[in-house]
């Protein structure tokens, strides 16, 4: 029978505090192990944080790898701005942020060109060295590696709206009063800003005039009022499959591929044939760039991980990591491409990928995004 | 089994001399041992509040917390052209409706748990607690599957050769349903406790003296159970005014609630100062309301000390 008295409890606590004091340096491991050889922290879009991708790397290196996924670029970048530059080793965001924002603000640091240039030779032709979004504005520095990409405009149930009609009518589908109450809007507000501009017939990636903003506001109010629901990817796919909606704004391979892989090939990401984007393009495509954070104590594993995900098997795993399925630049390498089954290629709409990318402008930064977002949020509140 | 040797109670003799006086003023050993943890908890509680408060006065769309001071964020919120009041209206309205509906729904259940269900009360209580072990989002997605077109309800009705289920998803009404469903236990259990504190002798005496059921309910049960009912209402209101998931998952964002507006400010808008100002306003509103309600409650009576 244990005999517990106040004295014994206090003695125990004293011993505990002593042990805590002795173990103190462990709580400051970053400084104690200055090189951080066994630690890697990744800030990324979902997929890179999956066990399928990380576990083999953990086994190979014996390292503690932590990855946090977020679903919009500005949040990730502001985490670095707010002081987490000392925490993260890799950041994975959409194409323009590395080149136009993070490098000028010294949030990321360049990669050793000699080590990474050879990987571009094995990527798909449009990613060949020197790939624009992987390089600094002046072209002198390599600032990140490309991997996942895809067209991202809107998604239709082709049983209700044929692919031909959707591609031909394009964004005007959302101007059609007959379709009010039959479409959803994916909760991805940065993309929704782009798409409201496009539905209004305006190029989103430029400085806008007051008249254009007035048109944007009117369009936002109308499009949001007409939406049956706003929700996440799972909600959109569920609503499409159940027949609650026939199409949804903001979406593409990234959002619809899980549903297609689940046996719903009638759901399809659509890139319109034409639109108000430069060159008359009708869609927008994203390309993820993964960069090393300008962490004063960067883990050496950061570069190892960037090389690791270039391997054919790992690239295939990244493409089909849990959550969303996407094409990867490494599919230019036959060894990687051959790992994709027919069903997997169908899920990522490989049959039309090239033509959709050709019809898409590349994701860019809206110069007056804040104002547009405020107008769109106000429009959203008027739904009720 | 462990024996716990408890020290004899301290003599409350008047301190003699400066040393004894100092000793008497010092914290007890227990309090001193608890001090580090208390400090840690205090900092953990205060730090985020101080940060939010600091950000509320920072330059809009900046991270200049504690280095800038402006009332611009509050000015933006009180700008007459700002539609954020709509979100506030929806949150308050839905929270009030949730409380009203739950008061009516939970009362008979609480009454039953105290006086009707007998030995089944414990089991029935478990049924009401059990859903709390499952994530709220999972439960709400379950309701989506139940109500969605060709889902459990619609599909079953069609299978039976009927016209199918009603279209209820993605509306403010289903958002309210979700809130009532989610917050039922938070109203039910304080109310059950309140009703348990009503002395049955008093009810019997009133009945013996010829009081009718409605009279007994109005003049005895309700006033004596009121502290429990009010605590339940307060708890439910505070939780419901901050609810987001119901409006998002079941309601399909057919309305934007105030907590969603705060979330948008911290994520897509990346306007932490504006989101903080909104959070501060909502916190003050709820805090004032809570203090007002608590000032009306007689905790002594509720705890049965009288």
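A Cβ is built for glycine as well, from the same backbone N, Cα and C atoms used for every other residue.
The transmembrane segment annotation in TrEMBL covers B:33-58 (among others).
Within its own chain, the transmembrane segment (B:88-109) is flanked in space by residues 128, 172, 175-176, 179-180, 183-184, 187-188, 191-192, 229, 232-233, 236-237, 240-243, 247, 255-259, 282, which lie at least six positions past its ends and keep a Cβ under 8 Å from the stretch. Taken from TrEMBL, the feature transmembrane segment covers B:88-109 (among others).
Residues annotated as domain 'ABC transmembrane type-1' in TrEMBL: B:88-293.
Residues or ranges marked as transmembrane segment by TrEMBL: B:116-134 (among others).
Per TrEMBL, transmembrane segment is recorded for B:140-162 (among others).
If one looks beyond the transmembrane segment (B:174-198) by at least 6 residues along the same chain, the residues whose Cβ comes under 8 Å of a Cβ in the stretch are 94-95, 97-99, 101-103, 105-107, 109-111, 113-115, 125, 128-129, 131-132, 136, 139-140, 143, 147, 168, 220-221, 224-229, 231-233, 235-236, 239-240, 243, 245-247, 249-251, 254-255, 302, 304. Here TrEMBL flags B:174-198 (among others) as transmembrane segment.
Per TrEMBL, transmembrane segment is recorded for B:224-242 (among others).
As annotated by TrEMBL, transmembrane segment applies to B:274-297 (among others).
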Report summary line: Near the transmembrane segment (B:274-297) in space but 6 or more residues beyond its ends, with Cβ under 8 Å, are 52-58, 60-61, 73-74, 76-77, 84, 88, 227, 230-231, 233-234, 237-238, 241-242, 258-259, 261-266
